[in-house]
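Feature annotations, reproduced from TrEMBL:
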TRANSMEM  31-51  transmembrane segment
TRANSMEM  63-82  transmembrane segment
TRANSMEM  124-150  transmembrane segment
TRANSMEM  162-184  transmembrane segment
TRANSMEM  196-215  transmembrane segment
TRANSMEM  236-257  transmembrane segment
TRANSMEM  277-300  transmembrane segment
TRANSMEM  307-327  transmembrane segment
TRANSMEM  333-358  transmembrane segment
TRANSMEM  370-388  transmembrane segment
TRANSMEM  408-426  transmembrane segment
Amino acid sequence: MMRPTEPSPSVLSRSSRSGVLDSRRWHMLSIYMILGILNQTLWLSFAATPAATASRFDVDERFVAYLAVLCNAVYVPGSWLCTWLLRSHGLAKVMHVACWLQLFGSFLRWLADLLLRPISGPLGFLGLFCGQGVAAVASPLIMNTPAVFADAWFGKREREGVLAAGALSPIFGQGLGSALAGFIVGPDAQGTETLLAGQALLSLILALWTINQFMDAPGAVPSDGNSSTLREALQLLCRPHFFLILVIFNCGMALAASTLTLFGDIASNCGYTSTDAGFASGLFMIGGVSGSLGTGYVLGATRAYQTILRCSIFTAVLGGCLFLVMLRPANLLGLLITVTFFGAFMMSSLPALLSNAVEETFPTPPEISTTLLFNSAILLQVFFTPLAQFILNQDEGCSSWGSKYSSFNMYIGCFGCLLPALLYCGKNNRMLAENQESTFSS
């Protein structure tokens, strides 16, 4: 009988950390998820009230839109900061720095509105803009690390579910941030000071909690800080199956982001009110949370990564088709039902994509693959959402099945998501390494 080959030290160390079942892991997960949710509420604080915010600070409305674009612009440099901190100091240092950035940025936004705006509206907006930029640098420190966090603190059967929760919390925070802003801030911008002060206070509480309680997993050690992140990223782009994952992830995230951003206009063109659109967006996110967590649980229980990926992408495209079919005037109940299922199917693919990316690129550190995925998706959204809005404006009336907007979305869904998913045949390298270690240990 042939003796199994001994795994490399890097495989052993990563696998052993994956198997750590420390009782504090759920406490760490709570901190991680709340940090991600709060960070994204800062990102989209003004997306729901652009006209009121512009009037409050006496600036053009397009400058308010730049607050969200600014977060996209600083995402890439923030990602390099995340990778450097993670490799040099570990995950706990990354979360601590994220807290400090978020705390300073949120207080700067609040003080700009409280102290500078009464002197000069544009001056107050400049302070608000700077605070938004500082807080935005913390976003990639959180969004790029769910696979690292799950791998460090949780075992093989739990980490996919944790990965789903960690990756979904920032996305859930985006919807929550927009909804809270719309609820707290009135049409005349009253309530803005309450929103900013509340976010600053929550940032302070969360920073104290994180800095005092969040720690690295037992046995975790920083990676080699001297290795070339850029070289590793370029090597991943040359791997055909990872590139397919990248295409699916980018197209799927772009479709989800543009749908949520433009849903108010889409619903209005079909005769629905802003209240109907807000309710539908909320159901989309609720369905997304359920679908993502469900997929994470099934991934952990079965580890059938490729099968679950194909099923989740197929159902997401099918859900998108049903949504477009039901998108017609005087069909609110049918639209709400299909929007909920569309969100569940669409977001269910997120943990499947991240898990397959980590499996295919192992033993490359998971932060490299997740950083590539989120960076490229964030950058694509800068161009994709305006393009989708331009195509939406070409339709006369409701953009239901057969319209230019629906055809555009279906082409992206079929050729950018479904076809690459059918072609994907990547290897489960991490699972093979763990099985090899188990065989060697026994």
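Using N, Cα and C of the backbone, Cβ positions are placed for all residues, glycine too.
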*Are the transmembrane segment (408-426) and the transmembrane segment (63-82) close, by which I mean at least 3 Cβ pairs under 8 Å that are 6+ residues apart in sequence?*
no
*asked:* Is the transmembrane segment (124-150) in contact with the transmembrane segment (31-51), using at least 3 Cβ pairs under 8 Å (sequence separation of 6 or more) as the test?
replied: yes
*Taking 3+ C-beta pairs under 8 angstroms (sequence gap of 6 or more) as contact, is the transmembrane segment (236-257) in contact with the transmembrane segment (370-388)?*
yes
*Beyond the flanks of the transmembrane segment (370-388) by at least 6 residues, Cβ under 8 Å*: 69, 72, 75-76, 79, 82-83, 140, 143-148, 233, 236-237, 245-246, 249-250, 253-254, 257-258, 261-262, 353-354, 357-358, 405, 408-409
